[in-house]
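If you check TrEMBL, you get these features:
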type     : residues                                                                                           : note
DOMAIN   : B:3-320                                                                                            : domain 'FAD/NAD(P)-binding'
DISULFID : B:Cys40-B:Cys45                                                                                    : disulfide bond
BINDING  : B:Lys49                                                                                            : FAD binding site
BINDING  : B:Gly174, B:Ser175, B:Gly176, B:Ala177, B:Ile178, B:Ser179, B:Thr180, B:Glu181, B:Gly263, B:Asp305 : NAD(+) binding site
DOMAIN   : B:343-449                                                                                          : domain 'Pyridine nucleotide-disulphide oxidoreductase dimerisation'
ACT_SITE : B:His439                                                                                           : active site, proton acceptor
Protein chains: 2
Amino acid sequence: MSYDLIIIGAGTAGISAYTAAKRQTDNLLIINDGPWDTTCARVGCMPSKVLIASANQYHDAKNLSKVGIQAELQADLSGVLPRVREYRDRFTSGMQKTVDGWKAEHKINGKARFINHNTVEVNGQQYQAKAFIIAVGTTPRPNDEWQQAIGDRLLTTDTIFELEQLPSSIAVIGSGAISTELALALNQLGVETTVFSRGKNIANATSPKIQELINTALQPQLNVLFETTPESFELKDNQVQVHFNQGDEKKSIAVDYVLNATGRVSLLDGLALDQIDPSYDDIKSLPINEYTKQLADRPIFIVGDAHTTTPVQHEASNEGKIAVKNVFSYPEVKQGKDLAPLSIVFSSPEIALVGQSYQQLKDNNIDFEVGFASYESQGRATVLGKNVGGIEVYVDKASQVFLGAEIFVTDGEHLAHLLAWILNQKPTISDILSQPFYHPTLEEGVRTAFRDVKYKLKSS
Amino acid sequence: MSYDLIIIGAGTAGISAYTAAKRQTDNLLIINDGPWDTTCARVGCMPSKVLIASANQYHDAKNLSKVGIQAELQADLSGVLPRVREYRDRFTSGMQKTVDGWKAEHKINGKARFINHNTVEVNGQQYQAKAFIIAVGTTPRPNDEWQQAIGDRLLTTDTIFELEQLPSSIAVIGSGAISTELALALNQLGVETTVFSRGKNIANATSPKIQELINTALQPQLNVLFETTPESFELKDNQVQVHFNQGDEKKSIAVDYVLNATGRVSLLDGLALDQIDPSYDDIKSLPINEYTKQLADRPIFIVGDAHTTTPVQHEASNEGKIAVKNVFSYPEVKQGKDLAPLSIVFSSPEIALVGQSYQQLKDNNIDFEVGFASYESQGRATVLGKNVGGIEVYVDKASQVFLGAEIFVTDGEHLAHLLAWILNQKPTISDILSQPFYHPTLEEGVRTAFRDVKYKLKSS
């Protein structure tokens, strides 16, 4: 017997694909290894946002002097991590319920391996299908050496939310989006943080000016050691000693825990894709179409975080749906509607990228102009006591069409949606300046940035 | 000598008009009675937003248990009103600086009265012009009887920010947008509030469902007495006794102050417009074009709050600019670019209207369907401990085009901008559902509302 479709992986992309596919056929199978919920709900977006909500509000409460209130705060933070787990469980059990509603004969627990282009093996049994959607996701990059040295003092995003209590201190290895969110939240909650960064930047902005604003605001809070990686770890006096070099100097710090946030690795490796085609043994060079996620010209689609440069939930979910459309129209394969690129780091202030980033525009040799607005004295931001950062908008010089933005502003997630939703309309500067900007709002800073780029283009 | 243009009033609309006009001519005059700054900066949007920022953050700090933190807060609120005045002064002095930069011969202090269609008199001297822009704004509705009864215990928005300290209790007369903002902020700062409402609703939503959500959430906080107006006031024991009837029962409460927030009245009345045309003696029935703000077919434009149903700053500013264009193209008079209607009440949660309201759609006999999303268990709102309210979106039944929305959601100001910015593109439900909705955000509730209306239109 051959299934119409086998989906491998029941995370965000897999669940989205299954939901779409069961409207098309009952002859399908979904195979999953591990919990039947999502990285996002279990160890990703959701628990981190719960932690960040507590951290931000605690931080604001400690800084009421910014809004004219002298206050003393006595706080018991022992409920913070239990609340994270309570909500996490609520979100994952919601998903569990969805999955429980699926037909038992559609679901298999276990690790899939390809036998050939139309056959996988799970728990010793073989299953054939006309098409596959592969949505196996990622896992935190393991580090056996570190693990051996300090055991359960080495945390990843899989384990950090399981801590009974907030530690006193933590070393965070990596300064990408996830580590920035977590380190900042922990820091706001009184955890002493030290962040080790291979490079010179915090999070994912690419514009030198926005990067500088981010570094200036966040480095002192997070104690980021730039261009510094740990040499070794050892357990000593019930703490972890982190040894590292700064210049020629050997240094050490003692911390309660180490969070390995050096990135995530794809789980495609375990699927034996080389059994489909020997050339697929290197998952980094798979012939996957960037837009349709199709593997070569096969009825096989690799969606979600397993193979992407933009591991964000709404794109994974969208890819799952589009793959199902293409599975059932195969060999006709179409690109889905273009989603405006949008990424958000839930730091404070928030960091967001919309459309093409500064670096992408440079790499693509686009002739663009930059509009900038500082939020250091922006009206509403000042009133809120959150007047930090700024926004850059990028505009095509010839057509004056809006191309992208980099944002480091309080509530930046909303400004990012605003700009992402108009991006595909290809608005000009003048189109954007004729939108309503209510007073007094953070959105008025967006107007300042577009006025700035308008002025620059006039003067040039 | 005849000026090219005389502008009467130097508030938001007048300043905007002057700035635009001086690029066209040096032969102009601006006449102003009172301070050369704006209602918005001195007694409106700005000081209220400063107060609200303190109130919201203090309120959050007192309610940290919503985010898993048990805390005790000792706060000194004596700095709150001084901070309001400090920022208010900063904003108004910024404007003063702008006005100081204008040529002395362009500016006259004093009260203008029309003598005929092209002549005004100020301080006993007459000035003629080819065109007029009238931007005299509004003032809080006076009430002599109340004033006589309780003197300086009767506050308006002109005087409330001058209080040395926060009172213990206040009665707020009126339950419109401004009184809702102020009463809620005062209440969050520990002031005992009683709000007298002539009608059955708080603030300006028109949808029965959104109104009900607002009433349910805010009535208990604000202690709103619906369909109740005060009968009389008297000073007694250093407090104000407010006498009123509820049903057949006579009742009284004692409060420190009374805020008269029963609305604002236009300052057009003092201009002697009947000297232009005798039929202009009733300012309520002036023949003003809704879109161009032109008075009949004359080179006279009445802009800003002086004559509007939507007294919002960005529209006043926009009207000032458009009037100048029309003054200099007269007799050709064009409508400016349509701004999507957008109004925001900065309560918590915030209330916002975008496009056509529920009531306007009903009044215009539009055949529309309603999509609703509750935020009571919306993901991000729940995580933030701010899961209150909801959003309605209105869609044309035949074309499925988005027409308007009413919003009562935390950070609703941002959702309102998002929807206002796409409104004039006339997007369909499917256009909106194919926009990026980042996870987890408050924007995802907008998707829920559009999915709801999509489902209803499919089923019908």
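Cβ coordinates come from backbone N, Cα and C, glycine included.
What TrEMBL says about a protein is an automatic prediction, not a curated fact.
Since this is a predicted model, take the numbers as computed values, not measurements.
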Tally of residues which DSSP labels helix, strand or coil - the domain 'Pyridine nucleotide-disulphide oxidoreductase dimerisation' (B:343-449): 35 helix, 33 strand, 39 coil
Pairwise CA distance, the residue listed as 'active site, proton acceptor' versus B:Cys40 (disulfide bond), rounded so that it is a whole Å: 36
Which of B:Gly176, B:Gly263, all binding-site residues, has a Cβ with the fewest other Cβ atoms inside 10 Å: B:Gly263
Reduced DSSP assignment, the residue listed as 'FAD binding site': helix
For B:Cys40 (disulfide bond), the one of B:Lys49, B:Gly174, B:Gly176, B:Thr180, B:Gly263 that lies nearest, given that the binding-site residues are compared by Cα: B:Lys49
Inter-residue C-alpha distance, B:Cys45 (disulfide bond) and B:Ile178 (NAD(+) binding site) (nearest angstrom): 9
Per-residue pLDDT averaged over the domain 'FAD/NAD(P)-binding' (B:3-320), given as an integer: 97
Residues from B:Lys49, B:Gly174, B:Ile178, B:His439 facing chain A - recorded positions, CB under 8 A: B:Lys49, B:His439
Listed in sequence order, residues with CB under 8 A of the residue listed as 'FAD binding site' and six or more positions away: B:Phe346
Maximum Cα-Cα separation (Å), residues B:Gly174, B:Ser175, B:Gly176, B:Ala177, B:Ile178, B:Ser179, B:Thr180, B:Glu181, B:Gly263, B:Asp305 listed as binding NAD(+): 20
Those residues of the chain, 6+ apart, with a Cβ under 8 Å from that of B:Ile178 (NAD(+) binding site): B:Ser48, B:Thr157, B:Ala261
For B:Gly263 (NAD(+) binding site): DSSP state (helix, strand, coil): coil
Nonlocal residues around B:Thr180 (NAD(+) binding site), in sequence order (Cβ under 8 Å, 6 or more apart): B:Ile202, B:Ala203, B:Leu218, B:Leu222, B:Val345, B:Ser347, B:Ile351
DSSP-derived class (H/G/I helix, E/B strand, else coil) of B:Gly174 (NAD(+) binding site): coil
Listed in sequence order, residues with CB under 8 A of B:Gly174 (NAD(+) binding site) and six or more positions away: B:Val195, B:Phe196, B:Ser197, B:Arg198, B:Asn260, B:Ala261, B:Thr262, B:Gly263
Collapsed DSSP category at B:Cys40 (disulfide bond): helix
Packing count at B:Cys45 (disulfide bond) (other Cβ atoms within 10 Å of its Cβ): 26
